[in-house]
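Colleague: What follows is a single structure, and I will ask about it in a moment.
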Amino acid sequence: MSTLFIIFLVLAAATTALFFAGYARGVRIALASYADDRVEVDDSGDLSTYWWPIALAVLGAAMIIALVGVSPVFIYVAPLLALITAAGNGLAFFIDDDATGAE
Amino acid sequence: MQKSDLVLSPGLSQGLGLALMIGTGLLCLALAYMIKTRLVRNTHDFIISNRRIGLGFGVGSIISVWTWAMAVMMSTAMTYQWGLSGLFWFVVPNGFAVMAVVPLAKILRRRMPAGYTISQFIFSRFEQSKVTSGVVTITMIFGIILEILINLKGTAVVMSTVFSIDWRLATMVTVVVVLTYSYFGGLWTSVMTGTLNTWMITVPAAIVIVAVFGMIDGGATAVFDTVDASKPSNLSIMNADAAAGFGITLAFGLLAATVADQTFWQKVWAIRPNQVARTFLWSGALFYPIPICFGMLGLVALAYGLTPADVGGDIVAVGPYIVSHIGLPLILILAYVLAILAACYSTIDGASSALSSIVAVDIIKRYAPKTSETWLFYITKLSVLIGGIVAAAIVLSGADFTSLVLTTYALKTSILLPLILAIVWPRTNTVGFVGGIVLSILIGMPLRAMYGELAGTLAIVGISGGAVIVAGLLSRRSFDMNNLGVKQAMRLEG
């Protein structure tokens, strides 16, 4: 088992812990608030605030693929980013400004 | 690196493959049962989750529903076929297509806060025109059925390649497994199992890809050098052939696959309003790493000099072939299969849930409005089963995977611009909307057949959008979008 593989296993374990901690929080909130019939409003800001993040995401993806063709090191960036996807999903449960305040 | 080094790993029995398929389904079924008993009270909960889905489940479910066999296996196949240019043109429009929903979702969620389906919006938008909404409803149902059958086909490809399971058996097991758990909890089941599937796709994918390169003497450097030595253009994203060959067509098709797909609109109306835009932004951005990660297997296939014949003729099988033949430990091969199963299951599940919302709102409530809640609930759940069975029957008839994908996208492209214009341009009218869709299909599809994908797609997009604009300019009428939410939005729950 290579050092790189072990590093990825450790990162995967940490990502998994974050993901399931978030998932558990999400389930608790869903159970606590599913019958809440309050009407919420969209106060998530103007549409213009989304253009830059969208552009950055698209450019970032394009750049990473291009960099794979520059150096073999960037081949390993791909699985690293896949772990970031799982971690990001877990994180999303925590930064959601849950309307019920349930914990 | 010689392709003769690639030998099928031992221990990949049919029983193991079937156990993996059924075991994953049982896990989802247990979750679905909990959801059914705790979160689903009526049709409203079943199809829209009482509009209580938050950012975490929203992001997880959208990523998993968008990660179908296309993203998992075709990212490898496109890299194998076109090099990094193929990966570039496959991946970049993919994530963007999800984020492109953001502006449209914000407009509709604000204007029509109690909506359920995009066909319902069209019905309200075009003065209760059953023709217009019927066209959209049929397009949505058609798209959903194709979505399900493409993913059934994807599961069949991977299970037959890795475990030598007969593809017909794999198709039947998949449809029974997914429909069983989808039947119970509706959208809540879809988002909770889908989010779990996002983990099952991403984490195993990362570990397996690193392990695959670890099996090769010299690792990523050896793969990189071999690909570079055999054909340097495979390491460039600037190959125009990939753009012309499939990239531009796919880009339009992917946009249509999100903007003109009830699977996504159902979530637009089910996610809490202040989280909708952020959910689609995060989902698109966090989706990107998945196909990029799986795309790396395409470079491995290129380095080994595999030919389509080596993998059974269908290049979609390149990824499963590499993983099952490079000598990985059994557990990692199973992890890869699990990732593909998760991708397929979640997409089928999401599509089935979207179909249930169309049946409830755009068919039953529109054409038989006096149907009781009890009957509506049963019919809605039954539609989940019927959609899956129809799709499975089509798959079992045997159809080419890649052609199927491109045909789906070409058809859905015809509705892309008319739908966007209906949301953002008040002068869009019924004549332009229906005329644009019909004309673009009547003219664009023959052009596609004669001059190829690119010309056909551009013609379809141009004609459909052009017809809407011309009809809108010729008419002086302008629709007041404020009428959508206040007067015409339906509330199933009464």
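The backbone N, Cα and C atoms fix where each Cβ goes, and this holds for glycine too.
According to TrEMBL, the record shows the following:
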- B:12-35: transmembrane segment (TRANSMEM)
- B:55-75: transmembrane segment (TRANSMEM)
- B:87-108: transmembrane segment (TRANSMEM)
- B:129-150: transmembrane segment (TRANSMEM)
- B:165-184: transmembrane segment (TRANSMEM)
- B:196-216: transmembrane segment (TRANSMEM)
- B:236-259: transmembrane segment (TRANSMEM)
- B:280-306: transmembrane segment (TRANSMEM)
- B:375-395: transmembrane segment (TRANSMEM)
- B:401-424: transmembrane segment (TRANSMEM)
- B:431-449: transmembrane segment (TRANSMEM)
- B:455-474: transmembrane segment (TRANSMEM)
Colleague: Does the transmembrane segment (B:12-35) reach the transmembrane segment (B:236-259) with at least 3 CB pairs under 8 A, where each pair is 6 or more residues apart?
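Modeller: No, the stretches stay apart by this measure.
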Colleague: Going through B:165-184, B:196-216, B:280-306, B:455-474 one by one, which has the most CB pairs that fall under 8 Å from the transmembrane segment (B:431-449)?
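Modeller: The stretch I would name here is B:455-474.
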Colleague: Answer with yes or no whether the transmembrane segment (B:165-184) touches the transmembrane segment (B:375-395) by the criterion of at least three Cβ pairs under 8 A, sequence separation 6 or more.
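Modeller: Yes; at least 3 Cβ pairs under 8 Å.
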Colleague: Below 8 Å between Cβ atoms, which of the listed ranges B:55-75, B:87-108, B:129-150, B:165-184, B:236-259 makes the most pairs with the transmembrane segment (B:196-216)?
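Modeller: Out of the listed stretches, B:55-75 contacts the transmembrane segment (B:196-216) most.
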Colleague: Are there residues at least six beyond either end of the transmembrane segment (B:165-184) with Cβ under 8 Å to its Cβ atoms? List them, or say none.
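Modeller: For the transmembrane segment (B:165-184), the sequence-distant neighbours (Cβ-Cβ under 8 Å, at least 6 residues beyond its ends) are 14, 17-18, 21-22, 24-25, 28-29, 31-33, 35-36, 40, 152-153, 155-157, 159, 190, 193, 344-345, 348-349, 352-353, 381, 384-385, 388-389, 391-392, 395-396.
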